[in-house]
Amino acid sequence: YEVVTITGDERGAGTDANVFITLFGEYGITPKVHLASSRTAFEKGKTDVFRIRTHNVGLLKKIIEHDNTGMSASWFLDRVVVTDVLRPHLRFYFACNNWLSKTEGDGIFVRDLLGSTDPMDIPKDNKYLVSVFTADVKGSGTDADVFINIFGEAGDTERRLDSDKNNFEKSTEDKFTIDAPNLGKIRKITIGHNNKGSSAGWFADKVILDDMGNKVVYEFPINRWFALDEDDGKIQRDILVGANQPLEGGSFERALTDIFVVEIAALLSPLSRVTIGHDNDGLSAGWYCEKVVVYCPFTGIEQTFPCGKWLDEKEGDGLIERELYEMVSLRQKRQKHPWSLWIWTSDLPSAGTDADISFQVYGDKGKSDEIRLDNKSDNFEQGQIDKFMVELPDLGKLTKLRIWHEKRSAFAGWHLVTIIKTLTKEKYTFPCERWLDINEDDNEVVRELPATGDLIYRVTVCTGNFGGSGTDASVFLNLIGEQGDTGDRQLVNCKNNANKFEKGNFDEFIVEAVNLGPIRRLRIGHNGKGRGCGWYLGKVTVREEGQAEAHAVEFPCNWLDRYEDDGQIVRELVPFEDGQRLYINYHIAVKTGDIPGGSSDSNVFVKFYGEKGDSSKTMLVVSSNDLGNYFESGRVDIFTVETYDIGQINRLIIGHTNNGMNAGWFLDSVQIMVPVHGKNYMFPSHRWLCKDKADGKTEVEIYPSEIIELEQMNYEITVITGDVMFAGTNADVFIQIYGDKGKTEVITLQSRSNNYERNTIEIFKLQEDVFIVTAVDLGTLKKLRIRHDNSSSFSSWYLDRVEIVDTKDDTRYFFPCNRWLAVDEDDGQIARELVPVDEAFMRRDEEEGTGATLGLEQKMSTTYTVKIKTGEKKYAGTDANVFAILFGENDDTIINLKACKNYKNKFEQGMINEFTVEAVDLGDLEKLRIGHDNSGSPGWFLDWVEIDAPSQGQKMRFPCGRWLDKGEDDGAIVRDLYPAELQTELYTPVPYEIKIFTTDVFCAGTDADVSIVLYGQNGLCTQQKHLCVNKRERRMYFERAAEDMFIIELEDVGDVLEKIRIGHDNRGTNPGWHLDRVEIRRQLRKGKGSETTVFPCECWLAKSEDDGETVRELVPSYIITEKLMRDGTLKTSEIDVEDALEVHMYKVSVRTGDMYGAGTDANVFLTIYGDLGDTGERKLAKSENNKNKFERGEVDRFTIEAVDLGQVFKIRIRHDNSMLGADWYLDQVEVSDLETEEVYMFLCERWLSTKKEDKQIDRIFYVKVIPYHFSLSTGSDHDATTTARVYVIVIGPNDVETDRLWLDLPEGKTSFAAGSMDHFLCYGTDVGEIKRVELGHNGVTPESCWLVDELSVAVPTKGIMYIFPCKCWLAKDRGDGLTARLFNVLDSTTINIIRKVVYSATVVTGDVQYAGTDTNIFLTVYGANGSTEEMLLPKNGDFERDQEDTFVLEIDDIAPLKKIRVRIDGTGSRPDWFLDRMRNLNTEEEYLFTYENWLSSTKGPKRIKVCELPAVVDDEEMVEKTTYVIQVQTSDLAAGTDTNVFLIVFGEFGDTGTLPLKESGNRNKFERKTKDVFRFPDMLSLGELSKVRVWHDNKPAAAWHLDFIDVRDEAMDQTFRFPCDRWLAKNEDDGQIMRELACANNDSVDLSDKTEYEIATTTANTSDASTTENAWILLEGRKARSKEFVLENKKKKFLGAIDVFEFSSKHVGNIVSICIGHITKDGKKVKKEVFWHVLEVVVTEMELGNYFFHCDAQIPLTAKKDSFLTFECYKSVESFASKVRNLVPVKYGVIVITGDVKGAGTDSNVFITIYGVNGDSGRRELKKKFRNLFERGQTDSFVLEMLELGDLLRVKVEHDGSSPNGGWFLECVEVTNTATSVTTIFPCGKWLDANKADGQIQRVIYPKY
């Protein structure tokens, strides 16, 4: 934005205060931006121009500015003009014409200015009258300055309220008028004071705010102290409208609930806390508050704030006010929304009513309940508007409103108009303008008011011809259609009979309603009053007005009489032609509580809601058990309601009408029996429904606690003990059966002496009792749990199976087990969960003669594997009996820790013991309780417990790290452990049945540990699973010719198994193994059955056989499918796998670094990952080319056979740290796929060592990754340090995220120390645009607490950096207890940094004697689009003779590369270096730089330490060689110099570097009026030249007046002149001894001339992307807008390629956006949708440069140019000629602000380099005579002259550390271009100190936009 301020021409109008501006726009608000200025800004009558860069806030509404500091702060501002620079037509004018001053005008120095795009339009302000009431309390007045901030819907405004001596005194009212923009509805105020003066404390009573423009008065009650030594010590408070809410009208009696409606002006829900108290007045003021429940209708959140304490001066702690905090577990969310209901009563005589009004709202998603509006004495009066707040469910779009009243009142007639609107700005109007009166209009008291259209229904009621069939009762009718219903309508006005409902009558009525859709049913009834109220209704016919009689719908009926038929007087009728019974009977049993006064005389009603709809509100008037007087204490009344089938009932509403002497009623419970569904619903209530008791409610909504099936069942249970030695048991056996409708209780199958003997069958018949829960019909059986109590000496039991017969339908369920229930057998469990298996699978096994192959069908996902780690501390083990209880969301279970799977002697020091447990599904695991009985030598140090829960797909770690010992720690021997979120692994479990077939050959079996990994598609794989858990199992399985089956739960890898990896560890006595095949069986996802995939192997896995491999990857050959058919048979099919993956050979080359100690003797392991899978970990055992592998500087080659991995993207490499020389410096790994000939390079360049770098011996390296730079600042608190391991996860759109990037500290650093700053470089997945960043650590102990001050994340490849202000603890016992936090980029400061490209650079040292070096080598890279700064090449050891060293370099995006400059500094013991060549490689192009010579001051022909090498691409040099002849003309003044002069020439291809002007044709150089000529041969040409930088070293001190410099390029045969005519002298001119001179050869461009534009469009390469029609484009520039250019589609353009068009046009200046359309060639109408998919557009203007527009959009085809898409320029590349034209000398003002912290100042020499789009300033020293610079809190300003740099990109600030107090805290740097008045601010806020933060004494800082 360009901001122009015009200071007024008043006396003293100027200011030296700091001026700030905040822009308020339609998209948001900018931060407060400082209008950084020179000393002469804001002077009287002056116009100042500023450029500020911030985010786009759209159309501007208002601005605000100024801080009242400085000597003469007062400022008279005339106006401000703000222009959007990118969209110059958006210009806003803000009139002020007022003082911003404490002492002038109205004393306001902060103003809100309203803007307009019309310079003549002056927006009107609003006035607010603020009345401040100071309370009548001792010492309540204040002398401090009081300020107020008013917050409204449209913004806020802050003001100081005049505080002269007489304001804010005790018991006074002070009034102030505030001019401000219209803020809309006021939400809150902030009021406070600055605590100045002798008596600053202030007790404010209230504030009244009169919004004079909108004529609204707001009251803000306060009644609080604003004082540091009173109340809560606050001197500033936020006050809401009506903040402290008096709860008036409450009873607050014992055991009573009081309900209040509280309205406030702000939406606070969900609340964090509430304050409740009382004023202590009255006789018995003490109050015991149980709890406060707050429900907010706007959010639907109901929160409970428990109190449970006295608010009484004489009880407890004596407090009468308490802060309550929410019990979050009780929070509920209701699905209702608040609406405002406004009702207008017409202004007609007698239009008002005293009746109670009810209404119901209908929408396209349903309808609301009936809602009653209480008619207080002054509601619904003639000509009045009544406003109500009501809650409605989500009804979608509202369609109608039904409104009615009770006509009982003497003044019930009512004439109304109504409107309803929501607070979400939706608005619905329902006009009425009719009477609701039995004596007016059509005598109706019910109206349906449509939101759209209305309809008339003709209803004919046919009374039967039976005797006594007529009625005199009041009849009502409700029509129910697909889109709603009419509600109950009284049938009053009969159109054809005066005497209605008589025997044989056909009575016709008109019902007005909105469109209900087809009428599906109707409800009709009467009130049962009168002597002859019984009525036989024959039928009802309904038709829409205007339709033929033939379309009438007929509804047959019956008696509506309490003494006929079933006694019902209300019925729901369905159409005759439906011929189906849509209505069913519901039997309602209502139990009244057996407590005194519990009975009721009132009329009770009920309404229930089901999954298919809801019933009508039904009065319970005729009891089925006819006990006479209903609802008496302790009685059960049963009623039958016949209504439409609403499906399963989910809630009901029951209540009473509150009539009668004893209306109050205690409802105990409701039971609803639905015989048709066979269900019994239990609704517990146990509460009062009484106006005078509890919460005063007379109706309640209740939900079923239990749904019981009505039928009783018999089950026959057969238990079969297996035919195994000692299979029987003498213990008691228990069983529990689960079905899809419920479960039984635990049933004891009592053991007699000979029960459960080997191979026996026991039969038990269980008679279920109707009154106990076990009697319910379980439905289809799902599982059973069977166990024994292990109570006798022979308890072990081998259970074969359980069979259960459901005697109702004679269904037999088979539950196979085939396992031990024994502590000392199998897995040690004495409880099993069994699932039913289809009979066909059982019969199959009987036919095949096998009994143990049903593993997959009977597998349950409720097995938990428990690992317990005993600590490494001395005496950590225990002999005590350890127990554990696992708590889940649904249940808990005791874990049997007797049978350990891997150690006989358990819980020894450092040991990990493994156990398994099968349990009822516990739900989500919440905690683990573990302890011991303190027997034996009991002390135990428990490290952690890990639980693998496949049923939940979780492996959870429960850290402990504490003693369970009476004499250690806190003495506890039982601890509750909770899962560590960071250490939880998630997966989706699937049971697999794996059969391993060992071949029948000699020595085929193995005792080794066999493991397997399964792979699905796209590289999805399971964890490596070991098939045996202990040595016993390893000896038992995998014998010669054996078939071994395992049931294991692994991650779900999808439907297709692409390969498996199987192998062993080569241990044991006979490890060699000949594997025949592997079969893997899974259950089908759809239908019953299984799929078996067969993987043939038929080869050895043995070190001494075949190829010596012990790991094989197998691909499937065929698949066998077994499917259970509907007739109960099994169908088997076999399919060959035709497209199995191929086996590839991968050649792996491992290069060990060439430095001291780089080799290793440890065992090295490698895993290669591709997008189709991975190789698994392979040991790199035998090098193909070296006997002694992994030696220093050597390359070792290995061959790995694996199934096709697809595109390789990462490797994992590690060693086992064995042998003496284990440390290993890995240089690189190259993986070559021999089949596809693709090569994947992994640059490593890291130690794998426990002693060096980050002490890691396991590393992962990637191909497709980008670098992320992280900087972390730790807080300066004394305990802010952490030793924990820190990680970062970067998250992009759609939750794409990197792996956890561990920030491991460098060698020598052990912690993130307080006050330190640490930098890290990590490589991770490119997540796209960063959305969030997670920062955390793995510490769970108190010493791992960490206070994070700031996190910065830089992504150089994107050119962006995010700075997150953290200032929070990551600690278990600090703050909120979190050790990980998510930071949103919206909360960060975003900074644009230089975009980088990652290059792989290889340096080759020559093969000559002494070629190697240990000196420092520096590299500078030059490209067509700029150059890099000089980079130090990192040393991985020395650069040795004939060695290739490869580096990953992040280089500025300056491609294509032109040349490099290599420099050595000559340090080290071997300073000379023979450079052979360098290679620079990025993803697109390879550049070669050849030198083949010495860099040395003593060797080689040139004796130089710097060289420039041209880039060679495809054998072509990018830059040619030339000779530069430089002529320096000294002026005709006393101008000569004897100092050393230096020069740098800048051009199209970079610069020459520093050229010392030493050898001239003149013996005495740079003398007055002489021309000195210098010749520099063999230079790389710079192309067109742009500028030179010339300076001297002032030794001896001298003045030199330079006239000009000519530079001649002999290869181009062109001379470039650089005029100067200035002094280079400390004591002349501006005192500068460095000048930048622009080239005078370039002609200026006239932008008024026409120019040529080249437009290149890229069409997407997809089938539907192209078009045969034309396109058009329009260019929007900063100067003008072009005409529309038609891109004519000739010669088949727009076909998935780049198309180029050329146009001549007027100059539009720099292009900021383009508009693209897609138009028909002939202008005809478009018949079908056609799109052109354009990817990118590049616009080129030769003089100005290239403009890039990223589109990737589909442009729709239209006939006219009125439809188009707009795209903004995302990148522009300015042409070199354009840059040169902009090079004019400019003075830059540099302001350096030193921080105001202890020790911030420095006495060192400070230097600055400023970088812009046109180049850099060079390193300039910041010096001033007679001034002590850079002191604490000081602002120092400097003026530097240089050539125009363009938009500033960054500055580098450094000091030389020359003073003892070298440390410096730099706050920020401001650089102002004095020619344009544009100021750029570079915030730093960091130390430049060798001993603080990160130890850096130079910083590169970027502008904050």
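Cβ coordinates are placed from backbone N, Cα and C, and glycine is handled just like the others.
So that you can see what the record holds, here are the features copied from TrEMBL:
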DOMAIN    1-114  domain 'PLAT'
DOMAIN    337-450  domain 'PLAT'
DOMAIN    455-575  domain 'PLAT'
DOMAIN    584-703  domain 'PLAT'
DOMAIN    713-835  domain 'PLAT'
DOMAIN    862-978  domain 'PLAT'
DOMAIN    990-1115  domain 'PLAT'
DOMAIN    1144-1262  domain 'PLAT'
DOMAIN    1397-1509  domain 'PLAT'
DOMAIN    1522-1638  domain 'PLAT'
DOMAIN    1651-1769  domain 'PLAT'
DOMAIN    1786-1902  domain 'PLAT'
For the domain 'PLAT' (1522-1638) and the domain 'PLAT' (1-114), does the number of C-beta pairs under 8 Å, pairs 6 or more apart in sequence, reach 3 or more?
no
Listed stretches 455-575, 1397-1509, 1651-1769 vs the domain 'PLAT' (1-114), most Cβ pairs under 8 Å: range 1651-1769
Mind pulling out the one from 584-703, 1397-1509, 1651-1769 with the most Cβ pairs under 8 angstroms to the domain 'PLAT' (1144-1262)?
1397-1509
With Cβ distances under 8 Å as the criterion, find the stretch in 584-703, 862-978, 1397-1509 that has the most pairs with the domain 'PLAT' (455-575).
584-703
Taking helix as H, G and I and strand as E and B in DSSP, count the residues of the domain 'PLAT' (862-978) in helix, strand and coil.
3 helix, 59 strand, 55 coil
Express the predicted model's confidence over the domain 'PLAT' (1786-1902) as a mean pLDDT, rounded to an integer.
90
Per DSSP, how many helix, strand and coil residues does the domain 'PLAT' (584-703) have?
0 helix, 63 strand, 57 coil
